[in-house]
Amino acid sequence: MDIKVHFHDFSHVRIDCEESTFHELRDFFSFEADGYRFNPRFRYGNWDGRIRLLDYNRLLPFGLVGQIKKFCDNFGYKAWIDPQINEKEELSRKDFDEWLSKLEIYSGNKRIEPHWYQKDAVFEGLVNRRRILNLPTSAGKSLIQALLARYYLENYEGKILIIVPTTALTTQMADDFVDYRLFSHAMIKKIGGGASKDDKYKNDAPVVVGTWQTVVKQPKEWFSQFGMMMNDECHLATGKSISSIISGLNNCMFKFGLSGSLRDGKANIMQYVGMFGEIFKPVTTSKLMEDGQVTELKINSIFLRYPDEFTTKLKGKTYQEEIKIITGLSKRNKWIAKLAIKLAQKDENAFVMFKHVSHGKAIFDLIKNEYDKVYYVSGEVDTETRNIMKTLAENGKGIIIVASYGVFSTGISVKNLHHVVLAHGVKSKIIVLQTIGRVLRKHGSKTIATVWDLIDSAGVKPKSANTKKKYVHLNYLLKHGIDRIQRYADEKFNYVMKTVNL
């Protein structure tokens, strides 16, 4: 046998093969890192820009075993794989459905039944003991995690670790588990920024929830108590911190990553798969809309067209310079403030999303001068204040929240939300999809959710009237806007394009 793959622990497998084959495998499991050209280590010749997932100790992330078969097929090798690696949970769909039917699950005071795609995700995860469960925002990922955790505690000894991206989500996840009536507060220990005084005394709690920033600081022996690990919003999980957490969880048989939008790029995908196993995507956002599970979505892609004189001056600026100039335009910010007020005056709630604090504060001040019910949220606003604003939006009408992408694009859930205005045009697929997800949650006060995507059209027009090209030069924010429209088309979202002359 050319390659032998041995079980090492629940985080890694060990490769046994000849030296020349090992180097071929190491190349096969190496990928160019995203943005490596901009990394100082690459620029100074200290790194070749590649991420290598097979290390010199011949250890490969557990989830990548399936890729070894592809390697063998491509290069004509034969492999033996330790049977322990492919062990599955002995659970039939019939037994799973029977177990699920006996659970009494609630949302508030109303008894609920998990949706078909939630059931499929839980079953797929349990049987395989690891999976990336890729479901759209608003598909009820916290219920999926609660059911996975409940099954584990009923059938295994050991604790469950849930990693979330923000302190606000630590509290939200714990509250959701209790709301479903699948767990009591005493069974859940919050650690780090989201913890309360009571959490100190919950050392026997079987479920531990914390941010990766808190978890990564724990001593190595702390990780040995966990038999199941779930990483919520796992698209934020690339990098050394999460890899070191996964490596510490070498006794942990069940590992799940949950996300609504995985990062593109082979290196990213392979890192996810290595940590959590294969990707399982049971449902799309467009299917959820079709089935009436989330609010219908309309995207207004508004091209803000600038005068020719301005576009010529903008040409040749760096990306950062362009952002600074455009977000600093008084006329543009006044237009955004006017739009937000107009939406709020219809008794509908609107979020205005910004990236840079100076831009957010400028928009907030313009709205505040004309309208009372406006609030500002960014990383500098503490979690408690954010939660108060979340409650205000959930229970109020005609409220405007000027919010940073960093705080509100990931995980904060407000159902009573009608409009999202993208005041800063971002390139990141993840931020765009997560932000859209915030507006899709169903609420009795809305039949349609609207995203206002502002695209700064400062392309330079050709001097000759005979040329077929509309623009001879595209500015960065226009290019990013066109990319977002392509993303909407890929996701089968309903979008319209309009032009507004500034």
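Backbone N, Cα and C define each Cβ position, glycine as well.
As the structure is a computational prediction, the values presented were derived from the model and not from experiment.
Swiss-Prot tags one of the stretches 20-23, 232-235, 460-463 as motif 'DEAH box', and that stretch is 232-235. Between the listed binding-site residues, namely Pro136, Gly140, the fewest other CB atoms within 10 angstroms of a CB are found at Gly140. The Cβ of Ala139 (ATP binding site) has His115, Tyr117, Gln118, Gly260, Val283, Leu288, Gln293 as same-chain neighbours under 8 Å, each 6 or more residues away in sequence.
Around Lys141 (ATP binding site), taking its Cβ as the centre, 24 other Cβ atoms fall within 10 Å, counting all chains. When secondary structure is read from DSSP and collapsed to three states, Thr137 (ATP binding site) falls in the coil class. Highlighted in sequence order, Ile144, Gly260, Gly437 have their Cβ within 8 Å of the centre of the Cβ atoms of Leu135, Pro136, Thr137, Ser138, Ala139, Gly140, Lys141, Ser142, the residues recorded for ATP, and are not part of that set.
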